[in-house]
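What TrEMBL says about this one:
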- H178: active site, proton acceptor (ACT_SITE)
- 13-18, D38, K43, Y68, 82-83, N98, 121-123, S146: NAD(+) binding site (BINDING)
- Q85, R91, N123, P124, V125, D126, D151, S152, A153, R154, T233: substrate binding site (BINDING)
- K156, H171: beta-D-fructose 1,6-bisphosphate binding site (BINDING)
- 148-312: domain 'Lactate/malate dehydrogenase C-terminal' (DOMAIN)
- Y224: phosphotyrosine (MOD_RES)
Amino acid sequence: MRNKSINKIAIVGTGFVGSTTAYTLMLSGLISELVLIDINAKKAEGEAMDMNHGMPFVRPVKIYSGTYSDCRDADIVVITGGANQKPGETRIDLVNKNTAIFKDVVGNIVRYNSDCILLVVTNPVDILTYVTYKLSGFPKNRVIGSGTVLDSARFKYMIGEHMGIDPRNVHAYIIGEHGDTEVPTWSLASIAGVSMDDYCRDCNSCDSDNFKETTYNNVKNAAYEIIDRKGATYYAVALAVRRIVEAIVRNENSILTVSSLLEGEYGLNDICLSIPSQVNSDGIARIINVPLSAEENRLLNKSAASLKEVIAGLQL
């Protein structure tokens, strides 16, 4: 385990997600230094200026715009840059555009820093986490994708809303791809140690099967619905990134559904997928082998096969 304290974060990309992530980190009190990097240097500079003007209201943090050379002493580099998902466009549709962008981005980061943790947020995040792992040459524990941390939060929120329960007290995971083949692990979902099936049976206020199908579809399609209404998603994903950063900075050993390289877990190899994982100051300390139902395992393998098909067409 790394003994150094984590004080500096670099964010590459200051679009909606990058700038909102920077703002959540400024408010978090987790770090002392934050550098914003963007191909549009004036945009990065403007975001830094805007946040600095609020510094009298928050815990001091040094925020500035910079270049890739400023990644040199960053402990975590968050990558949010890339082409945005447009209405009617899937995350997979973005793969070729963003893979080309990442060849430049990752190359520039590792030129100056080979010891940081790389946190990938750009979509399609599982594929780009794999691309980043291959391009960087970093050990797998230090290449992390935001994965289905947001999807799992949406899952908990929607279950909590339906049940009238604080979503922080709902334990449930979305695994697999952050996208159309993501897998709801209903067999693991629980409230106060009571499985969802038993809780629904005791509650007896709705059609459990219909509730599950509706909830899953609402989680899976949430980004499309938001993009259709406002053009982009950025608040909740920025909070998801802040949560991952917090687990790393505070060495929490938290369990989060981040995306990382699988090497035999769940019978899968050479693919990045979102699986409950132990996250601490080393990055990913352990991938948890959770007990899945036969159907969930089938869907996870289907999700992996879908991503492998896309990866096979990439030129890395």
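Placed from the backbone N, Cα and C atoms, the Cβ positions cover glycine too.
A map of TrEMBL features onto the structure.
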{"residue": "G13", "record": "NAD(+) binding site", "Cβ contacts under 8 Å, 6 or more apart": "I37, D38, I79, T80, G81, G82, T122"}
{"residue": "G15", "record": "NAD(+) binding site", "Cβ contacts under 8 Å, 6 or more apart": "D38, T80, G81, N84"}
{"residue": "Y68", "record": "NAD(+) binding site", "Cβ contacts under 8 Å, 6 or more apart": "V12, I37, N108, I109, R111, Y112"}
{"residue": "A83", "record": "NAD(+) binding site", "Cβ contacts under 8 Å, 6 or more apart": "L94, K97, N98, I101"}
{"residue": "V121", "record": "NAD(+) binding site", "Cβ contacts under 8 Å, 6 or more apart": "V17, T21, V78, I79, T80, G145, S146, V237, V241"}
{"residue": "H171", "record": "beta-D-fructose 1,6-bisphosphate binding site", "Cβ contacts under 8 Å, 6 or more apart": "K156, L188, A189, S190, I191"}
{"residue": "Y224", "record": "phosphotyrosine", "Cβ contacts under 8 Å, 6 or more apart": "P87"}
{"residue": "T233", "record": "substrate binding site", "Cβ contacts under 8 Å, 6 or more apart": "F16, V17, A222, A223, I226, I227"}
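The candidate set comprises the binding-site residues Q85, N123. Of these, N123 has the most other Cβ atoms within 10 Å.
Secondary structure at H171 (beta-D-fructose 1,6-bisphosphate binding site), taken from DSSP and collapsed to helix, strand or coil, is strand. Here the domain 'Lactate/malate dehydrogenase C-terminal' (148-312) returns a mean pLDDT of 95 for the predicted model.
It is 13 Å from the Cα atom of N123 (NAD(+) binding site) to that of D151 (substrate binding site).
With the fewest other Cβ atoms inside 10 Å of its Cβ, the least crowded of the binding-site residues V125, A153 in this structure is A153. Taking all protein chains in view, 30 other C-beta atoms sit within 10 angstroms of the C-beta of the residue listed as 'active site, proton acceptor'. Inclusion criterion for the binding-site residues Q85, V125, D151, A153: a C-alpha placed within 10 angstroms of the C-alpha of H178 (active site, proton acceptor); this criterion is met by V125, D151. The C-beta environment of D151 (substrate binding site), restricted to residues of the same chain at least 6 apart in sequence and closer than 8 Å, consists of I174, H178, E182, V219, K220, A222, T257, S274.
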